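Q: Reproduced below are the annotations present in TrEMBL:
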- 41-290: domain 'G-protein coupled receptors family 1 profile' (DOMAIN)
- 23-48: transmembrane segment (TRANSMEM)
- 60-82: transmembrane segment (TRANSMEM)
- 102-120: transmembrane segment (TRANSMEM)
- 140-159: transmembrane segment (TRANSMEM)
- 197-216: transmembrane segment (TRANSMEM)
- 237-261: transmembrane segment (TRANSMEM)
- 273-292: transmembrane segment (TRANSMEM)
Amino acid sequence: MEWGNYSMYADFLLLGLFSDNDFPWLLFALILFVFVISIASNTIMIILIHIDSRLHTPMYYLLSQLSLMDILYISTIVPKMLVDQILGQRAISFAGCTAQHFLYLTLAGAEFFLLGLMSYDRYVAICNPLRYPVLMSRKVCMLIVLAAWLGGSIDGFLLTPVTMQFPFCASREINHFFCEVPALLKLSCTDTSTYETAMYVCCIMMLLIPFSVISASYTRILITVYGMSEAEGRRKAVATCSSHMVVVSLFYGAAMYTYVLPHSYHTPNKDKAVSAFYTILTPLLNPLIYSLRNKDVTGALQKALGKYLSSGSVSTF
């Protein structure tokens, strides 16, 4: 399809994070380090939850899904960015941009819904501990995970075809490091205001529904914790919930800036900085927040390392 002198299916150019940086290779090394640690830490979380029987609980099953989403999420964006910097190229094909756009929306949407539904697990564990095995059965956990992945997939399937059907012209230079919706729409030859309004409403709903579940759950949790007589039980409940709230605040806050705040608050550099935070740093922070503040995870890690070291010592004889 042609629009003026421009082909709808021509390649795009990603200006990236490195073009405006005075020390591009230092930034490259930092992002590579974050990427490797993110993949390693999330993989370790998944393995620990799988091999340690003490972690075979609904909460940790949901955490393993969060780690899986983070691995896929950061792998959708960062490897191409790093390879392009090494090879000195910036082009991304129309098909590649579409695929990246779809995967990003799907994985981000799935994480939104999962973080919201995880608050229900905390609510049941603290407010209805005796009914926890029933209310958070294996079937319920599977339904929560399925709902999260399905919600993210619907988001990707709805927005990607509409975004990518617009005729793109101008220089086809995306002033971003991946094919994010706002950056793509700036290249359109036609008026996208109606679609942007619809997308704004959609994003509000995607934020509002999980946020409502989180707010309702944590309101009940706070009331229950306030009424606890045991200081140890109160401390454990607050520690568990605070980890989840930190992750929610980081992820939801960055998304609200990108998709909810008016255009007057946005600049290309700010957009790239905020996007880098929730696409590159958040997958690193999630496992660290949950593991460093969780004695069960640190205990499982020490146990696994102890077994590995002891087996290594035995094999040397």
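Just so it is clear, glycine is given a Cβ too, placed from its N, Cα and C backbone atoms.
A quick note: this is a predicted structure, and the numbers were derived from the prediction, not measured.
Help me picture these features in the structure, burial and contacts included.
A: With a threshold of 8 Å between CB atoms, the same-chain residues lying at least 6 positions outside the transmembrane segment (23-48) that come near it are 17, 55, 63-64, 67-68, 70-71, 74-75, 78-79, 81-82, 85, 280-281, 283-284, 286-288, 290-291, 297, 300-301, 304.
Sequence-distant neighbours of the transmembrane segment (197-216) (same chain, 6+ residues past either end, Cβ-Cβ under 8 Å): 109, 112-113, 115-117, 119-120, 151, 155, 158-159, 181, 248, 252, 255-256, 259-260.
Same-chain residues lying 6 or more positions outside the transmembrane segment (273-292) and placing a CB less than 8 Å from one of its CB atoms are 17, 31, 34-35, 37-38, 41-42, 44-45, 63, 66-67, 70-71, 73-74, 77-78, 104, 176-178, 180, 243, 246-247, 250-251, 254-255, 257-258, 298, 301.
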Q: Under 8 Å between C-beta atoms and at least six residues away from its ends: which parts of the chain pack against the transmembrane segment (102-120)?
A: 59, 62, 65-66, 69-70, 72-73, 76-77, 144-145, 147-149, 151-157, 159-160, 178-181, 206-207, 209-211, 213-214, 217-218, 244, 247-248, 251-252, 255, 279
Q: Quick test of the contact rule: Cβ under 8 Å, at least six residues beyond the ends. What residues does that give for the transmembrane segment (60-82)?
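A: Sequence-remote neighbours of the transmembrane segment (60-82) are 14, 16-17, 28, 31-32, 35, 38-39, 42-43, 45-46, 49-50, 92, 96, 100, 103-104, 107-108, 110-111, 114-115, 117-118, 121, 141, 144-145, 148, 177-178, 279-280, 282-283, 286-287, 290, 296.
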Q: Could you pull the average pLDDT for the domain 'G-protein coupled receptors family 1 profile' (41-290)?
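A: Mean pLDDT across the domain 'G-protein coupled receptors family 1 profile' (41-290) comes out at 85.
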